[in-house]
């Protein structure tokens with residue numbers, strides 16, 4: 001039986017998610033992926049509600065074993081940081097309600113796991129995710145969030161199987 005890992009790249013306009021199946025001998029296979037697209041015309045509370053409902057549906061349908069997110073960061077605009085933090089909270093709540101294990105990695109750790117360098121561009125992440133999992137759809141510019149979500153899930157599989165890590 002394979003283990004399912006969901007990576008989530010939360011956002012207030014687009015939230016990408018990607019589930020990989022970890023097969024025997026750590027072979028990775030794309031299981032399910034997509035983007036929850038939220039209209040900027042919607043009031044923010046309605047976007048959070050929609051994010052929660054749609055992500056909850058994905059989690060209920062797929063029942064992943066673990067969820068992976070980027071660690072919180074602070075950007076130059078405090079208002080944007082707060083909005084993103086609330087979206088992260090919605091994602092964390094959806095996972096916690098279902099007793100899904102939650103793991104967090106810094107963006108540069110996820111990039112290094114997939115591309116080999118921590119300061120890789122979004123495009124480099126898309127290209128490597130496409131090659132690793134044979135998912136050409138992530139190369140489309142509108143699917144950056146899905147590629148980031150895949151990168152987080154891939155990163156977790158690398159860290160979790162490391163004998164130097166106490167995650168497993």
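Keep in mind that glycine also has a Cβ here, set from the backbone N, Cα and C atoms.
Remark: residue 9 (active site) has 15, 16, 17, 69, 70, 145, 146, 148, 149, 152 as non-local neighbours, by Cβ distance under 8 Å and separation of at least 6 in sequence. DSSP assigns residue 9 (active site) to a strand. Sequence annotations record features per position, and here Swiss-Prot assigns active site to 9 (among others).
The Mg(2+) 1 binding site annotation in Swiss-Prot covers 9, 145. Note on residue 145 (Mg(2+) 1 binding site): other Cβ atoms within 10 Å of its Cβ, all shown chains, come to 24. DSSP assigns residue 145 (Mg(2+) 1 binding site) to a helix.
What Swiss-Prot records for 70 (among others) is active site. Residue 70 (active site) falls within a strand when secondary structure is assigned with DSSP. Take the CB of residue 70 (active site) and look out to 10 A: across all protein chains shown you find 23 other CB atoms.
According to Swiss-Prot, the feature Mg(2+) 2 binding site maps to 70, an assignment based on sequence analysis.
Annotated active site per Swiss-Prot: 145 (among others), in sequence order, evidence recorded as sequence analysis.
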